[in-house]
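Listed in Swiss-Prot:
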type	residues	note
ACT_SITE	S101	active site, nucleophile
ACT_SITE	H126	active site
Amino acid sequence: MPIGVPKVPFRNPGEEDAVWVDVYNRLYRERLLFLGQEVDSEISNQLIGLMVYLSIENDTKDLYLFINSPGGWVIPGVAIYDTMQFVQPDVHTICMGLAASMGSFLLAGGEITKRLAFPHARVMIHQPASSFYEAQTGEFILEAEELLKLRESLTRVYVQRTGKPLWVVSEDMERDVFMSATEAQAHGIVDLVAVK
């Protein structure tokens, strides 16, 4: 039996009575953002809108992006990454559960020294994939060229954000590489592993 999104009380400053808001809206007011699903255009636009709004509201107070995602679409994910780099406040990234594929890319995109993984979190990197089987031959070639450009772009970002040599990142992206939190720290995707 689904219970929906839980509601919590929230009192606006200067108001006597609290109103009930869903838990995510309450957490957004504290600058805590959540990516708890596959990356697609809808969640990308929501997170971008929240980051821009909160940045305008207060450009000195940090944002916190909690990630538990199996990955998803590259272009919407890169849009989130670019926004993280663009907004004035530092964006902390926190991996809880899984940050795979585009999720790990966003995890690495947090402010350097402010990227964290919970102790039992898992991180996975790999190269971008496509649905070639649905394309005609001409489209297949164009899509392959675009995919190679995307792979090169993602690889360059991983190199910049992790400090690893290009050949190491390129080799790791050839296949699915799963890491524990401490392995992700050694790889430069996160800076800290949370402890009690």
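Cβ from N, Cα, C; glycine included.
These figures come from a predicted structure and were not determined experimentally.
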Out of S101, H126, give me whichever of these active-site residues has the highest number of other Cβ atoms within 10 Å. S101
Taking just the CA atoms, what is the gap between H126 (active site) and S101 (active site, nucleophile) in Å? 6
